[in-house]
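Each remark here refers to the structure printed beneath this line.
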Amino acid sequence: MNSLYIASIFIFVVFVLSILAIESKNILKSILFLSAASIFTAIIFVVWKAPDVAMTEAAIGAGFTTFLFFIAYFKVDKLEKEN
Amino acid sequence: MINEPVLLIVIPLFAGFLIPIIYLISKKAIKYIPIIAVFYNLFVLIRLIQINSTSLSYFTTGGYKVPFGINLIFNSQIGIILFAINLLALIALIFFLKKEFHLVNSFAYTLGFIIAISAVNGMVLTGDLFNLFVFMELAAIAGYIIATHKRGYYPSFLYVIISTFGSLLFLLGTITIYNVSGTLNMASVSENLVDVSPHFIVVLSVMFIVALSSESELLPLNAWVPKVYEKTSITGSIFFGSVLSTAALFAVIKVLVLVFKGGYEYLFNSLTIIGLATLLIGEFVAFKQRNVRKIVAYSSIAQAGLIISAVSVSLKNGTITDSIFNAAMFQLLNNIFAKGLILLGVGLLGYYSFEKLKGIAGKKKFASILITIGVLSIIGMPPFAGFWSKFFLIKSLIANKMIIFVAIFLASAIFEVYYYLRFIQNMYYEEFDSKIKINQISAVSYFLMISLSFMIIYIGFNPSSVMKTISDIFTGGII
Amino acid sequence: MKKFWAIITVLLILFFLGSGLIPDLKIYKQNNLSQKTGKVYLNRTVNDDSPFKEIDKKLYGEANDVENNAANSVTSVIVDYRALDTLGEVTVLFLAITGVIALLGKSKKNNRILFEKPNYILNASSKILLPLIVLFGFYIFIHGHITPGGGFQGGTIVAASVLMMYFAQNNYKLKNNRMKVLESFSGLSFLIFGLLGIFIMGDFLQNFLELGIMGKLFSGGLIPIIYILVGLKVSAELSNVVYEFMGEE
Amino acid sequence: MGEIINYWTFIYGPLAIFLVGVYGLLTQKNLFKLVISINIMDLGVNLYIIALGYMDNASAPIYTAKLAVTSSRFVDPVPQALVLTSIVISVAVTAFVLALVIKNYEKYNTLDLIKIKGIEND
């Protein structure tokens with residue numbers, strides 16, 4: 001029962017974070033919200049007894065994808081400044 | 001000699017993984033690896049078609065029994081479709097290495113193409129839902145790379161977004177099926193999907209149709225098709241037009257036949273409507289175009305709609321109405337060659353808009369004749385292949401009292417005949433603009449075009465024998 | 001106004017999906033494994049005559065006649081029961097990264113993203129940390145069949161060490177050609193092991209090695225070998241992505 | 001109340017997250033935002049898959065010395081394997097599409113979908 005409440009609350013957190021990621025005006029903030037949502041998803045996976053998936057989500061989904069987004073953002077930013 | 005269909009997936013993959021190593025040694029040598037791989041594939045396919053009969057055989061992987069491990073399904077029917085797809089892929093590949101190898105980052109596109117062939121074979125062969133998802137995603141990524149062939153970054157981006165949405169829906173549907181039926185194997189899903197509510201099947205099938213529509217160019221998610229066709233290279237257009245869309249259509253048919261065969265009449269009725277709507281809208285939009293590639297793109301959408309609606313009509317009664325189904329398969333087979341021929345020929349002429357193609361037949365007689373053969377086959381003129389498939393389709397539809405279907409089909413055919421004939425007329429009877437530079441067409445390209453038109457004419461003059469082979473293969477034994 | 005219609009559309013889709021799915025979805029309380037493939041995978045009874053039977057014997061540390069001997073069932077599903085999926089998945093990554101190289105490789109004139117110059121402590125400590133992180137990544141994918149984790153997770157950790165070097169040292173440059181060779185080599189080995197399965201046992205990717213005792217490091221036949229290859233491949237691929245995205249000087 | 005929380009946690013919550021992504025696809029026009037929407041959809045689908053495999057009082061599908069006797073009180077491993085695959089595929093697609101975003105900016109000098117469409121049609 002306990003894990004159910006934890007999971008439901010975390011799902012709500014992910015839901016709110018994803019809305020923030022979509023609605024935020026600033027791209028950098030969006031990326032950060034997406035990253036946070038990924039981390040919370042990883043926590044839900046732990047609660048739901050999926051340690052392998054949680055590791056993957058944390059390493060690849062939250063870590064690596066965020067890096068890709070940041071670098072792509074900075075590259076576009078750099079191009080913008082050059083013009 | 002190993003006779004496993006999994007080789008059709010493994011050999012191109014092997015070539016694909018080999019290419020980066022070879023590339024570091026010699027940049028020219030990577031040209032020959034894909035051609036060898038596809039030739040070997042065709043060789044394996046001939047062996048497989050000879051050995052396997054018309055009945056369906058399951059090939060396990062990993063040594064695990066059929067409903068549990070991933071399995072590949074094969075019979076000579078699937079073999080013939082695969083043979084046509086691989087042949088077209090080979091033609092596109094030869095053309096690519098001969099003519100477009102210098103275009104861009106040749107390395108990535110060679111690699112993308114060879115892995116795409118592997119993925120397409122996997123899509124046609126696999127009997128497992130999730131495995132189909134993986135191969136679809138692989139083919140799609142190869143498609144994204146091929147779509148950027150001529151700096152078409154925006155169409156490629158659009159394609160990524162639409163196709164990813166589709167594949168995520170497919171994943172949702174797959175896992176829902178797993179939760180209810182407890183298996184991912186297509187054939188055993190339908191056995192376990194017995195006591196679910198009709199509403200559930202509706203939701204599930206809508207999910208699957210929408211999900212599979214992006215790759216197979218059906219209605220809801222096909223907005224990327226004309227944009228990608230317009231911007232990509234000749235090889236790319238042949239890949240999308242003849243290879244990927246055929247394989248995806250076949251995957252849709254496979255899912256329909258294997259998973260939803262249990263007589264869900266409303267599902268097949270609604271699918272027929274979707275297919276006919278796709279047909280009409282595709283033909284109607286193509287009617288207004290004045291760019292050959294866009295015409296072929298929209299006509300390709302329309303053909304996908306026609307085939308899907310014919311297949312769903314044939315599946316409506318819970319069993320397969322063989323005559324309609326066979327005719328639809330024949331049509332699918334004919335489309336591969338005819339579309340490939342038109343795209344190749346027009347690509348070789350080098351111009352796509354009607355203004356620039358005016359009167360080009362006077363300067364390039366032989367190429368124009370070959371293109372005309374493709375066009376006549378697609379619009380269904382005797383004695384070419386397309387006539388017979390449409391003839392068989394209409395005949396079987398009338399025999400099954402599908403009069404409205406036939407009426408819609410004929411109405412759309414009138415549109416099709418009109419805009420394709422306008423293109424022919426534009427090529428033959430207009431004044432040639434002397435400012436336009438004419439491209440030289442090499443012997444290899446002519447050879448590729450002649451071999452394609454030979455296929456069309458051969459089928460056109462031996463329709464009964466080909467149809468007999470097809471119906472021998474398809475009747476009863478369908479998947 | 002656009003947002004309003006979008007919300008309406010989304011709510012309609014939610015209603016459509018939810019109304020159709022809920023009555024038939026056995027949600028988690030009734031979610032029993034009795035007739036699912038998952039149970040067969042867990043019990044390792046795929047090739048038995050009655051795959052859905054209840055088995056009641058100790059597997060961990062004792063059983064050495066089980067068909068698939070990885071203690072981590074997720075690994076056993078990924079690398080053995082559904083290995084063809086994993087082959088496809090690895091190829092997806094490979095192809096996508098080839099695409100990234102094709103797209104970004106052309107515009108490499110002074111495109112490196114430079115951050116603030118790292119100080120001496122960061123510079124020195126990253127050199128110490130590098131072997132430790134790589135070792136940890138290797139540990140994760142070598143133990144993929146016993147503990148949570150495996151090739152994909154371990155590979156990402158190894159790639160993260162390359163990323164750290166890029167951040168901590170401004171003149172660091174990955175030897176990407178070696179990575180490409182490693183990538184191709186591990187992919188080819190994966191396929192060769194699969195083809196050896198055909199030659200020796202008759203099925204693609206079928207296990208032909210001794211299975212050992214569940215829970216030991218040397219157990220599971222092909223599973224650890226393939227997961228190590230996947231780990232090497234993923235680490236090479238993701239390192240190459242880091243290289244391409246960070247850009248050359 | 002318990003039922004509502006069940007439905008929210010196991011079906012509607014994940015679907016809602018998926019549909020937030022769909023909403024993003026429908027309303028956003030910045031290319032980065034579209035990629036973010038796709039990633040959010042992916043999160044929702046992954047949550048949905050794992051939720052369907054979850055059981056109360058079951059343990060992670062890893063045999064250990066403590067859980068000596070085999071029983072069916074393990075979580076289903078198949079959805080977890082599928083999610084692992086889907087996460088890796090999604091990061092591959094994300095890497096590729098972000099490279100495409102950069103190239104799109106290089107070519108059109110804007111990230112606005114509608115402006116790019118306008119330039120394309122000219």
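FYI, residue positions are counted from 1 along the chain as it appears here.
Cβ atoms here come from the backbone N, Cα and C positions, even for glycine.
Curation plays no part in TrEMBL annotations; they are all automatic predictions.
As written in TrEMBL, here are the features:
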type: DOMAIN; residues: B:127-413; note: domain 'NADH:quinone oxidoreductase/Mrp antiporter transmembrane'
type: TRANSMEM; residues: B:6-25; note: transmembrane segment
type: TRANSMEM; residues: B:32-52; note: transmembrane segment
type: TRANSMEM; residues: B:72-96; note: transmembrane segment
type: TRANSMEM; residues: B:103-123; note: transmembrane segment
type: TRANSMEM; residues: B:158-180; note: transmembrane segment
type: TRANSMEM; residues: B:200-225; note: transmembrane segment
type: TRANSMEM; residues: B:237-260; note: transmembrane segment
type: TRANSMEM; residues: B:266-286; note: transmembrane segment
type: TRANSMEM; residues: B:295-315; note: transmembrane segment
type: TRANSMEM; residues: B:335-354; note: transmembrane segment
type: TRANSMEM; residues: B:366-385; note: transmembrane segment
type: TRANSMEM; residues: B:441-461; note: transmembrane segment
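Only residues 6 or more beyond the boundaries of the transmembrane segment (B:72-96), in the same chain, are considered here, and those with a CB under 8 A from a CB of the stretch are 5-6, 8, 34-35, 38-39, 41-42, 45-46, 48-49, 52-59, 61, 109-110, 113-114, 116-117, 120-121, 124-127, 187, 233-235, 238-239, 242-243, 246-247, 250, 329, 332-333, 336-337, 340, 344, 444-445, 448, 451-452, 470, 473-474, 477-479. Counting Cβ pairs closer than 8 Å and at least 6 residues apart in sequence, the transmembrane segment (B:295-315) and the transmembrane segment (B:6-25) reach fewer than three and form no contact. Counting same-chain residues at least six beyond the ends of the transmembrane segment (B:237-260), those with a Cβ under 8 angstroms from any Cβ of the stretch are 78, 81, 84-85, 88-89, 91-92, 95, 113, 116-117, 120-121, 123-124, 127, 129, 132, 136, 139, 143, 146-147, 177, 186-187, 189-190, 193, 201, 205, 208-209, 212, 215-218, 225, 228-229, 267-268, 271, 293, 296-297, 300, 304, 307-308, 311-312, 315, 320, 332, 335-337, 339-340, 343-344, 347, 478-479. Fewer than three CB pairs closer than 8 A are found between the transmembrane segment (B:335-354) and the transmembrane segment (B:200-225), and contact between the two stretches is not assigned (pairs 6 or more residues apart). Below 8 angstroms of C-beta separation, residues 91, 94-95, 98-99, 334, 337-338, 340-341, 344-345, 348, 364, 366-367, 370, 373-374, 377, 382-388 of the same chain, each at least six residues beyond the ends of the transmembrane segment (B:441-461), sit close to that stretch.
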